[in-house]
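Chemist: So that we are looking at the same thing, I have put the structure below in structure tokens.
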């Protein structure tokens, strides 16, 4: 067991003859005790410091181990992240290449489809254009034939009979008129003894005005039907037929009118 400063201070020595001076020994012991106490105190402080340093060293060792472990984990994580990023980048590049190839194929297909449709449309337009040209040629030929046929009708000699003056026409048709009137009335028509002059100032009766108005309406209707027939013949050519003068209906109407007046 180590000696303490108190034991040094309380230490007593036996005396002998011609021994050391007790006072000097006590003074020296006091000095030794003081220095020893200082040494013990310093040693204690150093032990405390050493302990503190050892604790700090242990703490730093733990931190070092933790940091080393963290570094290892970080390195491992970084390596795994790097590997995952590399794999992901490769996957992205591969997927992008596949998408680009797919888009390229789709673009080529659509371009070919558009080109095919454009070609088909161009062919269709060309065919339709040719059909329109053929129809135009047919229509032109029909129109030409119709116009020629109408011109032939207009230039026909039959129009001379139609366009003759009324007096001449009535004179040349007198016999036919008499026959029709005789047939309608059921009695022969006597020869006129003397022609009475036509009274241009005579006023028409209400019945005559209505009959005249009815005849005008009938004539307008026949004119409209004739114009419609001409228009239809222009659109759809028909064989050329020479105009025939329909004298009988008009003569019959006149004869009937005369019979009613009687």
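The backbone N, Cα and C atoms fix where each Cβ goes, and this holds for glycine too.
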Chemist: Would you mind telling me which one of 12, 201 Swiss-Prot calls phosphothreonine?
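Modeler: Checked Swiss-Prot: the phosphothreonine annotation sits on 201.
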Chemist: Any idea which of 161-198, 199-236 is down as coiled coil in Swiss-Prot?
Modeler: 199-236
